[in-house]
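What follows is a single structure, and I will ask about it in a moment.
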């Protein structure tokens with residue numbers, strides 16, 4: 001088993017990575033917990049619900065299951081309220097523990113529910129998608145969507161632990177594997193040129209879920225993310241570079257309606273667009289733009305964005321949380337392994353949109 | 001002007017108490033703020049909206065007004081969402097500042113909106129009721145109600161500052177003055193026997209809003225509350241004593257429907273019930289129970305609780321956040337100025353209900 005430690009002002013906790021972690025969840029529940037609520041969706045529940053609950057039941061504590069509808073389209077207040085309704089109906093108190101068993105949507109919503117139920121209860125992240133394992137489950141960002149914007153309502157709230165069972169990836173659809181790999185290569189692109197090159201060499205192994213390669217990729221991704229959030233939990237500076245590809249990506253997701261593209265697919269495509277903009281305004285090497293496009297394609301993500309119309313694109317990006325005083329802040333590369341955040345002229349962005357959408 | 005400093009792990013900030021604070025709100029807005037949203041209700045807006053906004057406009061920043069329906073009955077997700085809708089429609093970013101201009105409902109909702117909008121923006125408390133000035137605006141408890149329980153969804157989130165304009169009390173209905181005084185005398189009863197005696201002596205002056213007496217009462221209340229929340233921001237222990245009267249009080253509010261009694265009225269009556277229970281199970285002097293009943297009556301609060309039926313009473317109190325493992329924790333006095341939290345046998349509670357309800 002691999003262990004990565006996360007250390008932030010809001011809490012320190014371990015990430016455990018390895019096979020069979022689902023069967024060891026009881027070890028993560030504090031002795032003083034009064035009850036446990038597993039929040040999941042029907043798809044994940046059918047595959048892993050009973051195993052997780054059997055492990056948790058070994059604590060001798062009451063274990064409640066809360067199933068939410070599956071998909072980004074349901075990452076809203078209504079679903080969140082299903083959690084509150086269940087917790088209150090079953091009278092779970094301040095010392096209960098929530099367990100997020102699922103992908104990023106389940107993790108973000110369960111984390112936010114934990115942040116605000118009775119002004120904060122403890123929770124455990126048990127991510128079952130590659131994307132959630134390398135990104136959303138680590139670092140304490142929790143949220144739900146608002147009709148006027150993605151992740152607009154949320155909190156920074158750290159879990160007790162992140163339990164990554166590498167076995168669960170074997171039931172993941174290939175498209176979700178590709179979406180997860182987009183976030184994996186992102187860490188190389190913004191922080192670690194050696195890891196980027198390693199990803200280029202191992203792209204085929206990663207797509208094929210080679211156990212050793214995937215475990216290393218998860219571990220290295222978690223290490224890099226832990227480094228960043230350890231320095232900047234609340235995204236006042238450095239942490240913003242983790243949003244590479246997300247400003248363009250959010251516009252794709254929001255413009256097409258949440259759920260049409262997977263989040264990781266939108267981020268993968270957004271990275272190509274950010275690379276193009278980086279070459280135009282931040283001195284990023286044109287040859288490296290092609291390396292980004294090639295690797296995004298190699299991991300199975302789209303590299304051409306939908307044509308939403310340039311005005312609509314700019315409008316959708318404007319609503320992103322990363323604007324300051326109405327100005328959009330882009331994450332841009334100066335070279336592979338080095339990222340900055342800055343504004344860019346609308347004309348430059350329109351030029352990029354013209355050659356990256358279709 | 002009086003200044004009380006609040007120092008918690010979640011933030012340090014001043015409470016300014018004095019006449020004319022409404023006209024100085026511009027001094028509280030940080031230079032890097034991008035926009036200001038004043039959250040208020042129609043009643044308060046008609047009285048103080050323009051004055052507050054005129055002061056804030058002197059910053060040169062954009063000032064938006066958001067009016068929510070007035071009353072505890074509207075302290076819910078729907079009202080909260082009106083805030084989010086307005087902030088997103090007008091594209092306020094992470095560096096905006098929310099200003100809570102109103103009573104406890106406005107303060108709790110605006111604080112919670114600030115805690116979760118874009119995962120946290122800054123906010124200012126400008127309480128316009130005595131109750132909010134001495135209680136809810138200080139200490140960072142924010143929340144909305146859920147159909148299954150009061151304040152069930154919320155966060156601990158500290159403001160930039162609390163601006164208490166003592167002039168605004170002159171437009172406060174007498175019933176609201178009494179309700180606020182319930183929280184004032186509470187501080188004496190749990191923490192400061194000298195202040196309790198001072199309240200007994202000055203009850204008439206306080207009800208008549210004698211300027212010197214009221215200013216001292218607000219200052220002393222804020223000092224005592226700041227001491228407690230400075231030691232225990234997240235209510236893991238000590239802070240729970242501030243809930244004196246609230247377990248019984250919540251049952252009254254919830255049992256009759258939020259808004260039938262004012263929160264402070266319910267707390268006042270709940271203090272009498274807690275005093276009775278304290279005498280029965282915690283050695284509190286019977287003569288002091290009568291002093292509590294007399295002072296609650298003297299400040300104009302009801303001292304006899306509604307007859308909800310004993311089973312329903314216990315049921316309503318059970319849902320309160322202060323239960324642990326299903327057991328209700330009561331705040332009880334051992335003597336005037338000293339409080340503890342502990343469980344009590346249902347039979348003892350039923351005996352108290354039998355003689356305090358009608």
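Note that Cβ sites are derived from N, Cα and C of the backbone, with glycine treated the same way.
Among the features that TrEMBL reports, domain '3-dehydroquinate synthase N-terminal' is placed at A:66-178. Residues annotated as NAD(+) binding site in TrEMBL: A:70-75, A:104-108, A:128-129, A:141, A:150. Residues or ranges marked as domain '3-dehydroquinate synthase C-terminal' in TrEMBL: A:180-323. The Zn(2+) binding site feature in TrEMBL is assigned to A:183, A:246, A:263.
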For the Zn(2+) site (A:183, A:246, A:263), what does the 8 A shell look like? I mean other same-chain residues with CB within 8 A of the CB centroid.
A:131, A:135, A:182, A:186, A:245, A:249, A:264, A:266, A:267, A:270
Name the residues of the same chain, 6+ apart in sequence, whose Cβ is under 8 Å from the Cβ of residue A:70 (NAD(+) binding site)?
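When sequence neighbours closer than 6 are ignored, residue A:70 (NAD(+) binding site) has A:41, A:42, A:43, A:105 within Cβ distance under 8 Å.
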Just checking, which of A:150, A:246, A:263 (binding-site residues) has the fewest C-beta atoms within 10 Å of its C-beta?
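A:150, out of the binding-site residues A:150, A:246, A:263, has the fewest neighbouring Cβ atoms within 10 Å.
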Could you check which of these binding-site residues, A:183, A:246, A:263, sit within 10 Å of residue A:72 (NAD(+) binding site), going Cα to Cα?
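A:263, listed in sequence order.
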Fewest other Cβ atoms within 10 Å: which of the binding-site residues A:72, A:108, A:183 wins that one? Let me know.
A:72
If you measure from the C-alpha of residue A:104 (NAD(+) binding site), which of the binding-site residues A:183, A:246, A:263 fall inside 10 Å?
A:263
Going by DSSP, give the three-state secondary structure for residue A:129 (NAD(+) binding site).
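For residue A:129 (NAD(+) binding site) - judged by DSSP and reduced to three states - the answer is coil.
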Relative to the Cα of residue A:246 (Zn(2+) binding site), which of the binding-site residues A:74, A:106, A:129, A:150 has the closest Cα?
A:150
According to DSSP, does residue A:150 (NAD(+) binding site) fall in a helix, a strand, or coil?
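The residue in question, residue A:150 (NAD(+) binding site), is strand (DSSP, three-state).
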Rounded to the nearest Å, what's the C-alpha distance separating residue A:129 (NAD(+) binding site) and residue A:263 (Zn(2+) binding site)? Just drop the number here, would you?
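About 12 Å separates the two Cα atoms.
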In Å, rounded, how far does the Cα of residue A:263 (Zn(2+) binding site) sit from the Cα of residue A:108 (NAD(+) binding site)?
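So the Cα of residue A:108 (NAD(+) binding site) lies 13 Å away from that of residue A:263 (Zn(2+) binding site).
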Can you tell me how many other Cβ atoms are located within 10 Å of the Cβ belonging to residue A:129 (NAD(+) binding site)?
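Result for residue A:129 (NAD(+) binding site): 28 other Cβ atoms within 10 Å.
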If you run through the domain '3-dehydroquinate synthase N-terminal' (A:66-178) with DSSP, how many residues end up as helix, strand and coil?
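Across the domain '3-dehydroquinate synthase N-terminal' (A:66-178), DSSP assigns the residues as follows: 47 helix, 33 strand, 33 coil.
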Give the mean pLDDT for the domain '3-dehydroquinate synthase N-terminal' (A:66-178) on the 0 to 100 scale.
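So the average pLDDT across the domain '3-dehydroquinate synthase N-terminal' (A:66-178) works out to 96.
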If you count Cβ atoms within 10 Å of each one, which of the binding-site residues A:74, A:104, A:106 comes out on top?
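Most Cβ neighbours within 10 Å: A:106.
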